[in-house]
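Look at Swiss-Prot and you will find H49 tagged as active site. Summarising the annotation, Swiss-Prot assigns ATP binding site to Y52, K91, D493, G530. Summarising the annotation, Swiss-Prot assigns Mg(2+) 1 binding site to E93, N531 and lists sequence analysis as the type of evidence. Residues annotated as substrate binding site in Swiss-Prot, with sequence analysis given as evidence: S94, H95, N96, H97, R116, Q240, E312, S313, Q314, S533. Annotation comment: Swiss-Prot describes H95 as active site, proton acceptor, evidence class sequence analysis. Annotation comment: Swiss-Prot describes D117, D268 as Mg(2+) 2 binding site.
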Amino acid sequence: MSAPEPKITPELIASHGLKPDEYQRILDLIGREPTFTELGIFSAMWNEHCSYKSSRIHLKGLPTKAPWVLQGPGENAGVIDIGDNQAVVFKMESHNHPSYIEPYQGATTGVGGILRDVFTMGARPIACLNALSFGDPSHPKTRHLVSGVVAGVGGYGNSFGVPTVGGQTRFHTRYDGNILVNAMAVGLADADKIFLAAASGVGMPIVYLGSKTGRDGMGGATMASAEFDEGSDEKRPTVQVGDPFAEKLLLEACLEIMAKDCVIAIQDMGAAGLTCSAVEMGAKGDLGVELDLDAVPTRETGMTAYEMMLSESQERMLMVLKPEKEKEAEEIFKKWGLDFAIVGYTTPTKRFVVKHGGQVKADLPIKELGDEAPLYDRPWVESERLPVIHARDINAPMGAAEALEKLLATPDLCSKRWVWEQYDHVIGGNTVQRPGGDAAVVRIEDGPKGLALTVDVTPRYCEADPFEGGKQAVAEAYRNITAVGGKPLAITDNLNFGNPERPEIMGQLVGCLKGISEACIALDSPIVSGNVSLYNETSGRGILPTPSIGGVGVLDDFTKSATLAFKAEGEAILLIGETKGWLGQSVYLREICGREEGAPPPVDLAVEKRHGDVVRGMIHAGTATAVHDVSDGGLLVAIAEMAIAGNIGASLDAPPGETVSHAWWFGEDQARYVVTVKEADLLAVKTKLKTIGVPCTQIGVTGGHALKIEGERTVDLKALRHAHEHWLPDYMGGKN
């Protein structure tokens, strides 16, 4: 005999993340008090994580279409056509709240979830990336969180067998109580064999595949839609537990079953587990779904309908199967040692019916649960415009050489080798460019084509000016892909913000989205997938607005990709782009001058596109021997990174006479690249750039084992490398 269900009280409703007006909407919708299981289902489907109820109205303005886009937002992942019947499937998603509570398992299941999103579409994953944001290094939890998250990302990806090829890691006190773990996965599929989530046909069997259901992850989606408080550590049981080896089996079984033409629709069980996957399949197909939970494979005894519907146990799929393929599909899954159970059928009723122990535990309208969930147009206010800081009003406390050494040893600009060396970035044998450059390059099967992959955002810009910050995030991803020779094609986004019920936070989201949209249109890079993570606050203190951008580009010939390392001595160093010496919101201003203020650098998207086209053309023509975009830290940091990577020094000219020296070296003006050119090609390159009106300044020549800056002291490469490489290992070892 089953235990009596809890009485529905205001406290129980609030604990499920539902507001009083939302509960009233439920009463009006179904005409009665919901059962406990139904309350849990509404809680899961109407939270921010699943319904996007605060952001959906603004997401509609994003550009999502292009001739090469096969599938835009709304499915498990986006899909773009790269020719030769090849498609790239990719998406980025957050696992922020779980990773703060239990960093290892939170990170592992973040990676596992995004991999499932990709192979659910019929693609074999070929690469992962990530964007990690941690609190101030001096915070007592930061070192523990870094260690756990990095180990979790590496542990899952390495075991599953997909290379982690790139990413971004930052530190700021605003992430002290809410770290961000954004995971991106990229896969390859046949362009004519993409699998979607919408069910079709009445009476079709709904099949549960993969691992058994347990009580881990209970309420995970609801937790991800609420602020943290001092009792957040008590939510540890809501963090899922991942098994990469089971996921690898699930991948192979799914791809095999897809190749046998058994599948009508497929959906992974991610946030809200069985509830969300079943509702989405039915709602997208304008069908009803009836589930019999007695058939669900479980690994714990006595599980209730509520627990089974809201469990977020990992490595599970839901599939609508062609009836005549049932036996064949079951044999495939049994061969891989995975559970296969028919747990329901599609119906014509457009109702979501859940049965357990011979009783109906839920009977709800499926469309209102899914794609007709509540939609809010929350009030928002535009962020205050910050004043422009003029370079001449900023005193340089030290020389450029000393500032460079200090900057290279700061948490944000230091080498992240300690992080990415814990990831297997070459498994599969297709990684052409490893982490540490502007973008990763991955070979596509046995042909000449390659993919350029990157993740980027500058949160301090987004806080200072959300519109410009949103533009810059897309432009930076565009530059990263361009700098290796790739043609940018599309992006995925992961929008991490604070509490949307505060108008100033909602204003940040709206502003960033406007900037992202404008940049995507100007740079011809539609958004094909994404994720929104709100309520990233602890005790009322929000994170920096962090709209992570994952970019994908294609190279027709990966052997002609560029890297940032200096290649030879005696090559000319060119700066492409205009330098006005913009120090507002720069790393130099923060780390050297101790000030976080001012307007961020403006982004001229037409200039970004023009300069990107020029640099890409130089790479393809073979005239650019090394390329690096100028971003955090400015020009001198970019040159130092190129010198360290190539183990070749440089002699640099003094800044132009009219320029403030520290603004020339450390300003973060946009749309700039450092390019090296052989002496034999120099005149032709400079002549061509002058003819087409692209600013180009020769700033030095490669050579030697030091950076020699005219008017400054010489800095040995060994000293620069030590500064760059040692901060993070020393920090993680407790030495600083």
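Note that Cβ sites are derived from N, Cα and C of the backbone, with glycine treated the same way.
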- Span of the recorded substrate site, as the biggest CA-CA distance among S94, H95, N96, H97, R116, Q240, E312, S313, Q314, S533 in Å, is 20
- Query: Are there residues of the same chain, six or more positions away from N531 (Mg(2+) 1 binding site), whose CB falls under 8 angstroms from its CB, and which are they?
  - Reply: K91, M92, E93, S94, N182, D493, N494, L495
- Report the member of N96, Q314 (the binding-site residues) whose C-beta atom has the most other C-beta atoms within 10 angstroms. Q314
- Task: Tell me the Cβ neighbour count for D117 (Mg(2+) 2 binding site), meaning other Cβ atoms within 10 Å of its Cβ, over all protein chains shown.
- Result: 28
- By CA-CA distance, flag whichever of H49, Y52, D268, G530 among the recorded positions is nearest to N96 (substrate binding site). H49
- Query: C-alpha of Q314 (substrate binding site) to C-alpha of H95 (active site, proton acceptor): distance in Å?
  - Reply: 13
- Message: Considering Cα atoms only, can you say which of Y52, H95, R116, E312 is the nearest neighbour of D268 (Mg(2+) 2 binding site) among these recorded positions?
- Response: R116
- Task: Using the residue listed as 'active site, proton acceptor' as the reference point, find which of the recorded positions H49, Y52, R116, D117, G530 has the shortest Cα-to-Cα distance to it.
- Result: H49
- Query: Under 8 Å Cβ-Cβ from Y52 (ATP binding site), six or more apart in the same chain: what's there?
  - Reply: L59, V532
